[in-house]
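Notes follow once the structure below has been shown.
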């Protein structure tokens, strides 16, 4: 009787272990493309995404490429090797400018990255203008 309970317990533990390993492998496989925070322009150019695949592209806003027409923005993002055209409609962050880092979320349509969101990258010493003004008044 005791050996029967022990063998059932061992089988249950083995089955649970196999199920846990399988679930972890399936989750890892499903997330393989989403683990990377953003792709560089070179990666997007050499390995084009599927039609309407939402992804992030990151790099520096190329000097001389930023064109603004009301709320419409078009610019090129570069990683120093390849540049990729981006278009965006909306309000851009205060720190968004040529020569600065940016990450855009969207999809590639007709060879142009159509962004739905723009993030500006900044260093660790960034201080919002409101706080900088308060700091200046305090001094």
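Note that Cβ sites are derived from N, Cα and C of the backbone, with glycine treated the same way.
Of the listed segments 10-30, 31-51, Swiss-Prot assigns transmembrane segment to 10-30. Same-chain neighbours of the transmembrane segment (10-30): none, counting only residues six or more beyond its ends whose CB sits under 8 Å from a CB of the stretch. Helix first, then strand, then coil: DSSP counts for the topological domain 'Periplasmic' (31-139) stand at 16 helix, 43 strand, 50 coil.
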